[in-house]
């Protein structure tokens, strides 16, 4: 992607140029108004023609003076002369002189509604709507032209509701629209969604016999099309006697707005059948609509078809494609197309630049962003607030906050998005103090913070660990900001607490928002569910699932995918499968989530069966799929099949394997005891092995008691993570086993680290809706004696050889030294606290469980007929009937 370069571009400075003094080639010099006055002559004879001449010449002040002279002589001017003067005021935008003319309207020879109509137009076109409406309302007699002037004035500034109101007043006055005015009123109905008035106008058009006017009929069609009344639009379209390109384009737009692009495409092809060649607008309507639906490949195909039809794509075509690709995650392709656009000689507009810069922001490609910024500088459009906002966002996401601030400071007319982009940039970089300073400045500016600004600040503080400041802002938003909290305000707190690991606080906010009658949305659910993806949050997951069903969110595919994953990680793989089977639409994430869930539970056969189904349905696997399938083959000890899958990643699917795929391959070899092949595989890796690869090899060495390989893997891990406490402890044990505890400084350091910074086991279990925590060796609880006694009795029953045949490599100290391990205490508590043996016990542990505890858990599951789910840092263990889903490999 580094080859993507915009041609003919020098390295740009990250500054905004000052305004040019000279006029650009697109500027037109304005005609200068003359304000010189008529020289006094002896008994001048001023005529209407002379006044008209002065008006046409732009000498309006002289014309006003001439009127005064006419008044002094006791004469008056004809209505047409006065109308010419008012038109001159419109042409030169002179409201002040227009007011002076209004003050002299008594000089018109006779009352004329056309003069008053022109006066209305003058005020409206010179920007004084209040004066225009006052003159209009004071007119005793209004004709069609008067109403047209006022309606036209409101239309020009898109005040569509006022246009409709004027239509009804006009009808009450007994004046009917003509062929010129009907399209304006119908346009107003279309733009403000007033289909009821549109139907009334339609019936009026029929009664007045104006259906035969194509311009009027097109306007009727546009009302139905823009108001979403597709059937009415199509019926009217089919009965039209004469259809032009505007007619067809309106109908195309109607279908596209409803998302019925395929019907629109059929209609598009029908244009050719009627001998009407689609114009650039027709092509752009289709291309833009397909892009909005995310069907960018179809849009690209249409663009090629368009060129083959000898219709050259314009800036709107290119912009639609670039924006569509960028918004649908195909950002590199969007930037390549931007380059093609420049090579084709098409000058981008502000929206094009904004889309390209936004793509650079998402990809964090600063170099390309700088080049596009330089293009915007040369085009002189950095004053465009959309462009400026996108540049701020791009620089902020690329970590260039100073450049972002430069752009921010250079934007003269900042809008709320400008402020929000800069504040968000500071928050994302962790500079909440600077963000808050800007937040205060914004409150003092003309642009006040909106709910997005407050939410950005709340999210910034809590994601950077300052939950107190975040909560303070959350409480102040309605009181100080006078802004009502929205769902996103609550979501910001929930997501922040989940990120901080404070799932109980997140749940508290989740429940409070519902008690405040704020409905959780998809973002709420997707924010809180990951925090429940553990064995002691099963009831929380079910509570969220109930909320999903009440809010009819179960059909949102991303929510279903998240539920599949969360249920699996909380120990309910059957719930995951039920949700998967009930989905009407599935994407690759759906398949990966259920396959990954089965692998997590050690159910390799179900995972492989789903993989076969997936391939039969023609669904293309991705990196995540292959990772799960390699792990599944490893659990099944199907090494050859696993090797074939790994080879197919690059050979058949042209995907470059990631480091996690290499680590999974070591797991595959290790589970089958093929350690020599695992080592050869590592030596042949095209990328440098990381900690995950050496950890997988160390696990294999420990399970199969290969001390030499354990030393090699451990030393590599020590090089990569010298400060890792667990690695230090394991290496000290390994050196002890192989007799390398000499007096070297390296071993002395390991001994010191291992002694001073022992990994202390913590376990958590939920019993009767309360989470209980246990610590290895802890005897401070009231029930400690009872728990220890129970564990000692079970240990005697199990009769475990605690020396592992002399091969002890564990993350936690032996119980003879550190005391009874935390998971045993948790299991004892679960069984003692229940009047009868619980059906399932769910435990979360902070470090890898040892062999002794693993054997004990297997025995307890058989002895008491219960299932034990235990998640440690290495594996998800499911103990049932004396067996574990890990296959004793963890």
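Glycine too: its Cβ is placed from the backbone N, Cα and C atoms.
Predicted automatically and left uncurated, TrEMBL annotations should be read as such.
Here the domain 'DYW' (809-890) returns a mean pLDDT of 92 for the predicted model. Residues or ranges marked as domain 'DYW' in TrEMBL: 809-890.
Annotated repeat 'PPR' per TrEMBL: 112-142 (among others), in sequence order.
Counting residues 6+ beyond its ends, the repeat 'PPR' (143-177) has Cβ neighbours under 8 Å at 113-114, 116-118, 120-121, 124-125, 129, 132-133, 136, 184-185, 187-189, 191-192, 194, 197, 201, 204, 208 in the same chain. Residues or ranges marked as repeat 'PPR' in TrEMBL: 143-177 (among others).
Within the chain, the repeat 'PPR' (244-278) has long-range Cβ neighbours (under 8 A, six or more residues past its boundaries) at 214, 217-218, 221-222, 224-226, 228, 230, 233-234, 237, 285-286, 288-290, 293, 295, 298, 309, 311. Look at TrEMBL and you will find 244-278 (among others) tagged as repeat 'PPR'.
Each residue of the repeat 'PPR' (279-313) gets a DSSP state, and the totals for helix, strand and coil are 26 helix, 0 strand, 9 coil. Feature annotation from TrEMBL assigns repeat 'PPR' to 279-313 (among others).
The repeat 'PPR' feature in TrEMBL is assigned to 314-348 (among others). Below 8 angstroms of C-beta separation, residues 1, 4-7, 280, 283-284, 287-288, 290-292, 294, 296, 299-300, 303, 306, 355-356, 358-360, 362-363, 365, 368, 372, 375, 379 of the same chain, each at least six residues beyond the ends of the repeat 'PPR' (314-348), sit close to that stretch.
The annotation repeat 'PPR' is assigned in TrEMBL to 384-414 (among others).
Long-range contacts of the repeat 'PPR' (415-449) within the same chain: residues 385, 388-389, 392-393, 395-397, 399, 401, 404-405, 408, 456-457, 459-461, 463-464, 466, 469, 481, 483, each at least 6 residues beyond the stretch ends and with a Cβ under 8 Å from a Cβ of the stretch. Annotated repeat 'PPR' per TrEMBL: 415-449 (among others), in sequence order.
If you look up TrEMBL, you'll see 450-484 (among others) marked as repeat 'PPR'. Counting residues of the repeat 'PPR' (450-484) by DSSP class, helix then strand then coil, yields 26 helix, 0 strand, 9 coil.
Through the fold, the repeat 'PPR' (486-520) approaches residues 451-452, 454-455, 458-459, 461-463, 465, 467, 470-471, 474, 477, 527-528, 530-532, 537, 540, 544, 547, 551 of its own chain, all at least 6 residues removed from its boundaries and within a Cβ separation under 8 Å. Residues or ranges marked as repeat 'PPR' in TrEMBL: 486-520 (among others).
Per TrEMBL, repeat 'PPR' is recorded for 587-621 (among others). Beyond the ends of the repeat 'PPR' (587-621), by six or more residues, the same chain brings 557-558, 560-561, 564-565, 567-569, 573, 576-577, 580, 628-629, 631-633, 635-636, 653, 876, 878, 884-887 to within a C-beta distance below 8 angstroms of the stretch.
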Taking helix as H, G and I and strand as E and B in DSSP, count the residues of the repeat 'PPR' (244-278) in helix, strand and coil. 26 helix, 0 strand, 9 coil
For the repeat 'PPR' (450-484), could you work out the same-chain residues 6 or more beyond its ends whose Cβ comes under 8 Å from its Cβ atoms? 416, 419-420, 423-424, 426-428, 430, 432, 435-436, 439, 442, 492-493, 495-497, 499-500, 502, 505
Are there residues at least six beyond either end of the repeat 'PPR' (279-313) with Cβ under 8 Å to its Cβ atoms? List them, or say none. 245, 248-249, 252-253, 256-257, 259, 261, 264-265, 268, 271, 320-321, 323-325, 327-328, 330, 344, 346
